[in-house]
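Novice: What Swiss-Prot records for 146, 147, 148, 172, 173, 174, 175, 209, 225, 226, 227, 228, 280 is NAD(+) binding site, and it gives sequence analysis as the kind of evidence. Under the heading active site, Swiss-Prot lists 246, citing sequence analysis as support. Here Swiss-Prot flags 280 as active site, nucleophile.
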């Protein structure tokens, strides 16, 4: 397995402390990787800064060609990437290969095209004798911090728009799941000029802090927890860096009496438990109108009970393990606290799986109340709660009564209600009669404590640029 860092176009061994990387399906150590030293972090940033002098002046065509080449090599090595992701994250291999790899390739190809469509406003004379124009220019060095739930996907979401806009990047994947990013480093080094992409390994304290606080870094992009976002924003404040934050969610799923219950059950069975629920947009907080509440709980419980947890390389496996032992304990604690309330009923699941690995049973909890922690706090595991509601006004208020604001969905056959409720929900995305669907052309991002800034789409590309005014006297 490729375990070297990419700094200034060269693969080099880390000079810091060695850290174990685990296989969550077994609990075994896959390998140990040496972290980047503080000197290597500095070298990576300075290499990116030096490379920006030329890369920032390249044409969109040149940048697009590089992104397309990277997309091609990822596609060609799709099986290798999927196997690494499966071993390091515990994802079902078929899901990694069939779902994630094509989406990752598409992200790079989308931004290759978008790079050639980014324009400033047309020139005009707003002062007599002077012509003004608006430019969208790259910022410089971008520090990108990727999470452990979708390591390669999130690396793509961060690298593609930043590079397309003409920035240079220093990427730090999660120390829990670094293997696909390090493999990407091996392939990218021969496509992009030295220093344009740098990929490091290490923990937040030892590598993340010196990276995000570096004076030559002009922007920090994070997908992670609220706590990590707060830390990075504070850490970057003294140098007034731009920050781009995607900080998790607790998606409300509003099911009205007139909804297609079979579609809801099928949807939540998939969208609430995909990737073992380790997804910021997971359909995890259901509000069911009282007329269909009992039916939904019964049918959904039966459906969730059929989800198969198992070995990642088994074609029939639907849920793999959680990412780490520490995260397994967090999920277990959240469910135990819910059970201890006395009014929350475990419909199915509610316990760790016996045996090796970090497995938690797919869990459905009914009877949750609005103020319960299981409703208000992100669990980030295969755990879905159901809360009954009376009417539209009540459920909109409850849905918005959350510190999160990333994703939501509304299930109803009433088109007017779908529009009305969607307009009032304080979430970056609202799906109607579906959930979880993402495409490269549409923006992804939240509000409130879920963060700010957009991934994907032309809006995502614009986030990695600075607007400049140039005025020419005639």
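Using N, Cα and C of the backbone, Cβ positions are placed for all residues, glycine too.
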Novice: Expressed to the nearest Å, what is the distance separating residue 175 (NAD(+) binding site) and residue 246 (active site) at their Cα atoms?
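Specialist: So the Cα of residue 246 (active site) lies 18 Å away from that of residue 175 (NAD(+) binding site).
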Novice: Can you tell me the CA-to-CA distance separating residue 227 (NAD(+) binding site) and residue 246 (active site), as a whole number of Å?
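Specialist: With distance taken Cα to Cα, residue 246 (active site) is 12 Å from residue 227 (NAD(+) binding site).
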Novice: Between the Cα atoms of residue 148 (NAD(+) binding site) and residue 246 (active site), what distance do you get, rounded to the nearest Å?
Specialist: 13
Novice: Helix, strand or coil by DSSP: which one applies to residue 227 (NAD(+) binding site)?
Specialist: helix
Novice: Once near-sequence residues are set aside, which residues in the chain of residue 173 (NAD(+) binding site), 6 or more away, have Cβ atoms under 8 Å from its Cβ?
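Specialist: Looking at Cβ-Cβ distances below 8 Å from residue 173 (NAD(+) binding site), excluding near sequence neighbours, one finds 146, 151, 155, 180, 181, 182, 199, 201.
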Novice: If you measure residue 225 (NAD(+) binding site) to residue 246 (active site) at Cα, how many Å is it?
Specialist: 8
Novice: I'd like to know which of these binding-site residues, 146, 227, 280, is least surrounded, judged by other CB atoms within 10 A.
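Specialist: Looking at the binding-site residues 146, 227, 280, the Cβ with the fewest others within 10 Å is that of 227.
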Novice: When DSSP states are folded down to helix, strand and coil, where does residue 148 (NAD(+) binding site) land?
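Specialist: Reduced to three states, the DSSP call for residue 148 (NAD(+) binding site) is coil.
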